[in-house]
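Swiss-Prot lists these features:
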type	residues	note
SIGNAL	1-23	signal peptide
CARBOHYD	ASN59	N-linked glycosylation site
CARBOHYD	ASN87	N-linked glycosylation site
CARBOHYD	ASN266	N-linked glycosylation site
CARBOHYD	ASN436	N-linked glycosylation site
CARBOHYD	ASN457	N-linked glycosylation site
CARBOHYD	ASN561	N-linked glycosylation site
Amino acid sequence: MRFTSTILLRVAVLLSLGGGSQTTSCTPGQPFPIPAYSKTSLQQTFEQIFETVSRSFDNESFHSTNVAIEVTSSQETLWSFYHAAKNQSSQDGSTVIGPDTVFRVARVSKLLTAIAILQLHDQGHISSLYDPINIYIPDLDPSTVQWGRITIWDLLNNVAGILDMYGYADIYTDFSARQRADLNLPPVPEDSLEGMPACQVDKSIPCDSAGLLSWLRSSRAVFEPHRINSNSNVGFSLLGILIERITGIDYERFISQTLIEPLHLNSTSFRPPHKNSGAVLQNDHTWNWDVGVNNPSVGLYSTPRDISTLLRWTLNESPSSLLNWFAPGFYAVGSHSLIGMPWNIFRTTAPLSIPNRPTTFNTVVGTLGPYTSVVVVMPEYDLAVSLMMNGALGHPHDILAKVTFPLVRAADKIALEKVRDNYAGTYKAEPRQKINSSITLSVSPDHGLYISELISNGSSILPVMERLASSKSGGGSNWIFQAVPTFLETKRRRTPHDRVVVNEEWRWTYVLDKPPGEGWNDWCLSSFDPVTYAGEPLTKMVFQKDAKSGRVLSVALSGYNITLPKGVQEAGIFAQLEGTSLDLHAQAGQEVLAG
């Protein structure tokens, strides 16, 4: 029996209530499974990046600069670029730059601290990330700072509203008299220096936790807690003290035992190696500077090889089974920036130049003296980039764009081609099913995989649903029914023909093809489960794939209670799949919404 208009109207009403009128700027992200790369799949892109980056570093302003860039997937390092300073007299360390050259990696140190905190929380040593920090460090009080309102989560996300740095970054102690004079700052009486930390006045004295806590008790807040994002290296120093209080182990030893050694980061430490193995500038005192209690935020020394190993771990693992480490926790400055633990998250449509397809970059960036380090993680593409430099750089916007933008474009093309080859096509009922039903899935750069045709028992469903959904939404007729992976796999079953089948779940949603950026068109409400039929989700599709080859064999439409083989299959493919289809609530061959 065919769909009746009453049934279609009810479905359309439920869809419009469940998800709202979504415009193309609300197209779901991650329109493909996580891609994989071969040794050659990105080769042409890397050749282009090499030429572009090489030209940049040929500039005279970089003649006294050492540079190391690596790109890795979750499986292996895919590409590297090393640039040694042409002016070798500017260097006091190694004049050959490679994967094992040691750099000071500044705020990239925060990655290890954040991982350690999240693991301790996962293991139950920290009861809640929303615990106030003064529960664990009571000697922060008494203070004018509201430590009872500042949580571990606030410190991880840099929204505690507290001071940024301790023991450095003070113009009086870190600038020369000439530089201070150029700023026309007033003279400072000698007795006013008595309140400054001893480790700031004399850099040969490492800053310690007792001095930090004493200094914080007399400090004042920068902002009200969890009101606005403002970087705080001091916050990560407190997280380092928290680790020590919980574990009874020195921060540096704990990080070494739980992360550096298990991950075989053999050239990573909190102590400077011999300068002959490092990227060290002539007359630079930062290389050997012991930052003490600031180690959790800026103290680490590491190599491109080790950082790529760490980034591979972040792509493969999560420090927490309870949360998505890459997800944002708070707003940052600007319309494209968010904050995470400890990420600075940048979302932009610039790489793909498609208004509804933003790319998310999880970054950590920082400098310490002449050393600059950046890591960029792109989880949806299974890629990460590290950049380490000593010498001239400024903010690394330009170099990052030259590396990441063409990389994202190439990775996106690979991912969509994989979707087209594996999932796109027509899935049609076999004659033995005795029903005229099919679904056609297509691929576009804007929307990834989408339903371009749906036939139920001889009736074309999408045009009717588009019209009815439009009448309920108040405008627009060009609806796109986009499918996205859920990253859920259901049962693996072995068929009578000894074929192992994987059931891979996807969901589809609908967006209205209106231009973004007009009025409230960018206001997005998301639901991938807006309506069910007899308890089965209408928007659920389950692809049945051969576990060995990865080839898609069929798709099961849960709400319609039917499994449709893909395209031209070998004889009897549906019979081979019997016993592997989903346990739906009606017999195979019946469509639930057909009567």
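Here the Cβ of each residue, glycine as well, is placed from N, Cα and C on the backbone.
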For the C-alpha pair, I'd like the distance in angstrom between ASN87 (N-linked glycosylation site) and ASN59 (N-linked glycosylation site), rounded off.
12
Measuring C-alpha to C-alpha, could you say which of the glycosylation sites ASN59, ASN266, ASN561 are within 10 Å of ASN436 (N-linked glycosylation site)?
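Among ASN59, ASN266, ASN561, not one has a Cα sitting within 10 Å of that of ASN436 (N-linked glycosylation site).
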State which of the following glycosylation sites has the fewest other Cβ atoms within 10 Å around its Cβ: ASN59, ASN87, ASN266, ASN457, ASN561.
ASN59
List the Cα distance (Å, whole number) between ASN561 (N-linked glycosylation site) and ASN59 (N-linked glycosylation site).
64
